[in-house]
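Now, the feature entries from TrEMBL:
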- 7-160: domain '2-C-methyl-D-erythritol 2,4-cyclodiphosphate synthase' (DOMAIN)
- Asp14, His16, His48: divalent metal cation binding site (BINDING)
- Asp14, Ile15, His16, His40, Ser41, Asp62, Ile63, Gly64, Phe67, Pro68, Asp69, Thr70, Asp71, Arg148: 4-CDP-2-C-methyl-D-erythritol 2-phosphate binding site (BINDING)
- His40: site 'Transition state stabilizer' (SITE)
- Thr139: site 'Transition state stabilizer' (SITE)
Amino acid sequence: MTRELALRIGQGQDIHAFAPGRPLWLGGVEIPHDQGLAGHSDADALVHAVMDALLGALALGDIGMHFPDTDPAYRGISSMTLLAQVRRLIESRGYRVVNLDTMICCERPRIGPYREAIRSSLAAALGVDAGAVSVKAGTREKFDAVGRGEALECHAIVLLAASAGLDSGSGASSPGLPST
């Protein structure tokens, strides 16, 4: 028996300037650094990129539409709390995360020592095995605000699949692929 499996891909990006006196959060992990990121929430740019990728995959807008920075309810909120809300929304539409690929662009801090903790944190938040989450890092070789160490930028690409036995509910048509 063959059934159709709807797949959706989403891409997200976020950039924040560094700011003194704030903790640095990436993927739900506090990273020791002399500066954090400026923002209305905890400014976890990696989680913001992941949320935008999830929302984009189902054409549900972006995090600014769902969690506006003009709403005082979101001041200082943990981005992981918001990610949990986005995950519930995605699942309510009948989708689940298949895999996540992320990229952190910064001159410093070095991401390598924290890569596995970030990977585990994101995997747990999304309800997937850590093997379904990739966390990469790179620099801008001194080009632009990121390269000058003034900002940090993150990118995320996510693959979603319709959950077995659930209607996709997205309202958008997407070609199905036969499952194996």
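Just so it is clear, glycine is given a Cβ too, placed from its N, Cα and C backbone atoms.
Neighbour counts of Cβ atoms within 10 Å were taken for the recorded positions Ser41, Thr139; the minimum is at Thr139. Ranking the binding-site residues His48, Ile63, Phe67 by the distance of their Cα atoms from the Cα of Thr139 (site 'Transition state stabilizer') places His48 first. In the three-state DSSP classification, His48 (divalent metal cation binding site) falls within a helix.
For Phe67 (4-CDP-2-C-methyl-D-erythritol 2-phosphate binding site), other Cβ atoms within 10 Å of its Cβ number 20.
For the pair Ile63 (4-CDP-2-C-methyl-D-erythritol 2-phosphate binding site) and His16 (divalent metal cation binding site), the Cα-Cα distance reads 14 Å.
Between Asp14 (divalent metal cation binding site) and Ser41 (4-CDP-2-C-methyl-D-erythritol 2-phosphate binding site), the C-alpha separation comes to 13 Å. Look at the Cβ of each of the binding-site residues Asp14, Asp69, Asp71 and count the other Cβ atoms within 10 Å; the largest number goes with Asp14. Using His40 (site 'Transition state stabilizer') as the reference Cα, a 10 A cut-off selects Asp69, Asp71 from the binding-site residues His48, Asp69, Asp71.
Counting other CB atoms no more than 10 Å from each candidate's CB, the recorded positions His16, His40, His48 peak at His48. According to its DSSP assignment, Ile63 (4-CDP-2-C-methyl-D-erythritol 2-phosphate binding site) is helical. DSSP classifies Asp69 (4-CDP-2-C-methyl-D-erythritol 2-phosphate binding site) as coil under the three-state reduction.
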